[in-house]
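K.L.:
Mind looking over this structure? Questions follow.
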Amino acid sequence: MRLIAAMSGGVDSAVAAALAVEAGHDVTGVHLALSQQRAQLRSGSRGCCSVEDADDARRVAAELGIPFYVWDMADRFAEDVVDDFVAEYAAGRTPNPCLRCNEKIKFAAVLDRAQALGFDAVVTGHHARLADGQLRRSVDAAKDQSYVLGVLTARQLAGAVFPLGSMTKDRVREIAAERGYAVATKPDSHDICFIPDGDTRGFLDRRLGEAPGPVVDAGTGAVVGEHRGTHGFTIGQRKGLGIAVGDQRPRYVLGIEPVTRTVTVGTAEQTGVDEVRTGTPTWAGPVPAWPLEAQVQLRAHGAAVPCTVTEDDGGLVIALHTTQRGVAPGQSAVLYEPDAERGDRVLGQAAVLRAGARSTV
Amino acid sequence: MTYLDHAATTPMLPEAIAAMAEQLARVGNASSLHASGRAARRTAEQAREQLAEALGARPSEVLFTGGGTESDNLAVKGMFWARRDADPRRTRIVVSPAEHHAVLDSVEWLVEHDGAQVTWLDVAPTGEVTAAALTEALGDGQDVAVASVMWANNEIGAVSDLTALAAAAHAVGVPIHTDAVQAVGQVPVDVAASGVDALTMTGHKLGGPMGAGVLVLRRDADCTPLLHGGGQERDVRSGTLDVAAITALAVATTTSVAGRVERAARVAALRDRLVAGVVELVPDVQLNGPALDSVVAGGPGRLPGNAHLSFPGAEGDALLMLLDANGIECSTGSACSAGVARPSHVLLAAGADPDRARSSLRFSLGHTSTDADVDAVLAVIAPVVERARRAGLGRRSA
C-alpha cells in the first residue's frame, strides 16, 4: 500500500512508520503543523508540535529513507479542534480534543488529502488493534487509545493503519532503541497539545473571559460559593470548588448551567447516574440491532461497564447496569463488545447529552 | 533525478572542486607571517583579484564573508549603523518587500531593536523595482541611512536596473546595497558601471562551494562591523580566511561569468521550452514575473533559468510532493523553520492574491540542465497538476 505516516516526532509514530516500511509499504512521512504559534523547543511531556518535534520526526524519516513533508493544518485544527474545545466548555460540556482531532483532522482532513494525492491510507502510532475493519483495544491496557478512536466510522477505519496495537509501550520503546532512534527515550505527551503550559483553566479564561456566578448546593438550594466562570468546572469534579458548606462531607459538581452561570454541587451519592442519553451515534461497523447488550466507556481511561442500549429519536439511551459517577456531557460514550482473546471490539460511540438516575433523565 | 532547483543551490563546477581540494591539502593561515602563511595570503589575494575582475570591482572592495546571508546582514546593519552614527537624523531604511529574508529580517530586526524606520518600495506586478519608485520613497533623502534593492529576484526572476536605481539613490546622497546572489553569472553585473555602493554575492549559486561569499563594498562606503576579532577584511569583517573555499569561489565565479552569454542562451532556451510545454499541457497555468523575453537596461529582464508558475486550484506543496515522488526536484516559495511551505512573500509583494501565491512552483534551471530534464517534467506535469487539484487548496469545500 501507499501510506502517509503521520509523524508527530514522538516514539510511537516513529516506530509505526518504521514497521510500515519494514512491512514493505511505500511510506511517505508527514508532520502535521497544528499550532499557529509554534514554539521552538518542547518542554518535557507538555504538548507537541514544536519545531523540535518536527525536526525529531524528520530525523526518523531520514533514517528510514522515506520522503518527509510538513503539512500545515493549523487553520483546520484551530477551527475544528481548538474552537470546538472552547465552545464546548462555554456550553457547560467537557470535550475530548484528542477524539475531535482524530475525527476531524487525522482521519478526515489528512486522510482525504492523502487519498486525493494517491495514497491508500494513513498510518499512525495509536495504541489500538485494527484488523479486518475491526477496531479493538490495544494489548497494553494502560496505553489503549481505542476510546479516542471510537469516533471513527467504518469508512475512516478503512483508511487507517495502526501497527502498534499488538505490542506494549515498553516494546515500542525497545524497538526504537534497537533502531537507534533518539526519540526512544522521549517522554510521552499527556497534556492537551495546544495548551503547552498545562493550564487549561487559564487558557479558557483567556478565551472566554471571566464570568462569575453562584455555586449552589443541590441538597439545600443554598448559594455556597462563587466562581469565576462555569468553564472552570467539569461534572464530577471535587477539587478547587472554593465553597463552604455546613457539614464536612465532600461536594462534587453535579451540573453546569452556562446561561445562568450556575454550578450545582452535591454529595457523592447525588453524583451517581445509571442512564445516559446521547446525540447521534457513529458506528465503527454495521449498525447494531436493538436492544444492544454491550459495555460502555464514558471517559478516557475510565473503566467500561455493562449496559443495555436502545435508540430514541436519533440518539442512544444507555441503561447502565451499575451506577457510575462523574458522567460529563460532551464526553464520548464508546460502546464495546467484550472479547478477552482478541481485544474488546469498538462498536461505535455517541456524545453524552445528559446523564442521571433512570427515572429522571 | 531531474534537478530543477538551481536557484537553491547548483552543482559545483569540476574546476572549482579541483581547486578547493588542492588548497585543502595545504597548511597556512593567511594572517601568519611565515612562509606557509605568506603562501596562503598570496592565494587568497589572487582569488580576490580574480573576483574583482569578474565583478567589475577593485580588489580592495572585495570582502570575503561566510555567504549571502552574512553579506546582506553586514551591508544592511553595518551601513545603517555607520550612517546613523555620522548623522543621527538618518534612521530610515528604504527597501523592497520582495527582498530575500536575509535583507528583510535584518531590516525588521533594526526596526524592532534599534529604532530604525522602514519605507517599503512599490514593487511592479512583474517583481522589479523602478528608479521612479525609489526616488519617490527616498524623498529628499536627509533621513535615509541606506537603501537596498536586489539585482535579481530569487523567486520570480525579475531583474531590476541597478544603474538607474543607484543614480536615483545618489541623487539624494543615499548609498545603495544590492543583493546580487542570483544575478552574478546569470545577467551582466558590473559593480563600477552600476555605481552601487555595496553588493552581495555567494559561491554556491554559481558552481562554487557553500559557506563562501563576498560583500563588495566601495572604499568610501562606511560600514560598521558585525563580527569583531582580527579585522582580517579591511577591519569590516573578522575571521580567518577560508583560503580553500575562497579559491574555489574565485574559480567558479570567473568561469561562470566568462561563460555567461553562451550558457544563459542555452538555459533560457530550455526554460522557454519548459514553459511553452507546460502551457500546452496545462492551459490555465499562470507565469509569474516578467515576460520570458523582457529586457531591462539592455540585458535580460528575467533570470534565464527561472520559470515560476502558478497552477490555480492546486497547492504548491502538493505539487512539490508529487513531483518529488516522480524524481523531479523543484521548489515552492519558502518554508518556515518547521518546514511548513508558505505562500511566496514575493508574489504577495507584487500584488498577487494569496491563492495564486499558494499555488505556485519554481523551476530553476542551471548549468547542468538538459533537454531530458525538460522532457521529464512535461511527461508528468499534467497528471500531477490534476491530482494536486483533486486534493484542493486544503479548504473545507475540498
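Glycine is treated like the rest: Cβ placed from N, Cα and C.
Where the annotation comes from TrEMBL, it is an automatic prediction and has not been curated.
Got these off TrEMBL a minute ago, pasting:
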type	residues	note
BINDING	A:A6, A:M7, A:S8, A:G9, A:G10, A:V11, A:D12, A:S13, A:L32, A:G125	ATP binding site
ACT_SITE	A:C101	active site, nucleophile
SITE	A:H126	site 'Interaction with tRNA'
ACT_SITE	A:C193	active site, cysteine persulfide intermediate
DOMAIN	A:202-266	domain 'tRNA-specific 2-thiouridylase MnmA-like central'
DOMAIN	A:274-351	domain 'tRNA-specific 2-thiouridylase MnmA-like C-terminal'
SITE	A:Q331	site 'Interaction with tRNA'
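Provide an account of the burial state, proximal residues and distances for the features listed.
P.N.:
Sequence-distant neighbours of A:C101 (active site, nucleophile) (same chain, 6+ residues apart, CB-CB distance under 8 A): A:L34, A:F77, A:D80, A:V81. According to DSSP, A:C101 (active site, nucleophile) is assigned to a helical segment.
Listed in sequence order, A:D12, A:Q145, A:V148, A:L149, A:F162, A:L164, A:G165 are the same-chain residues six or more apart from A:H126 (site 'Interaction with tRNA') with CB atoms under 8 A from its CB. Following the DSSP three-state reduction, the secondary structure of A:H126 (site 'Interaction with tRNA') is coil.
Classification of A:C193 (active site, cysteine persulfide intermediate) by DSSP places it in coil, neither helical nor stranded.
Secondary structure of the domain 'tRNA-specific 2-thiouridylase MnmA-like central' (A:202-266), assigned with DSSP and counted as helix (H, G, I), strand (E, B) and coil, comes to 10 helix, 22 strand, 33 coil.
Note on the domain 'tRNA-specific 2-thiouridylase MnmA-like C-terminal' (A:274-351): its mean pLDDT in the predicted model is 96.
For the recorded site, A:Q331 (site 'Interaction with tRNA'), the DSSP three-state label reads coil. Using a 10 Å radius centred on the Cβ of A:Q331 (site 'Interaction with tRNA') and all shown protein chains, the other Cβ atoms total 27.
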K.L.:
Let me make sure I understand the structure: which of the recorded positions listed (A:A6, A:L32, A:C193) has the fewest other Cβ atoms within 10 A of its Cβ?
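P.N.:
Counting other Cβ atoms within 10 Å of each of the recorded positions A:A6, A:L32, A:C193 gives the minimum at A:C193.
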K.L.:
Roughly how many Å lie between the Cα atoms of A:L32 (ATP binding site) and A:C193 (active site, cysteine persulfide intermediate), rounded to a whole value?
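P.N.:
Each residue's Cα considered, A:L32 (ATP binding site) and A:C193 (active site, cysteine persulfide intermediate) end up 12 Å apart.
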K.L.:
What are the DSSP helix, strand and coil residue counts for the domain 'tRNA-specific 2-thiouridylase MnmA-like C-terminal' (A:274-351)?
P.N.:
0 helix, 45 strand, 33 coil
K.L.:
Helix, strand or coil for A:L32 (ATP binding site)? Use DSSP.
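P.N.:
Strand, per DSSP.
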K.L.:
Should A:S8 (ATP binding site) be counted as helix, strand, or coil on the basis of DSSP?
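P.N.:
In three-state terms, A:S8 (ATP binding site) counts as coil.
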K.L.:
Compare the Cα of A:Q331 (site 'Interaction with tRNA') against each of the recorded positions A:S8, A:G10, A:C193 and report the nearest.
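P.N.:
Of the recorded positions A:S8, A:G10, A:C193, A:C193 has its Cα closest to that of A:Q331 (site 'Interaction with tRNA').
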K.L.:
Cα distance, A:A6 (ATP binding site) to A:C193 (active site, cysteine persulfide intermediate), nearest Å?
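P.N.:
With the alpha carbons as reference points, the distance is 16 Å.
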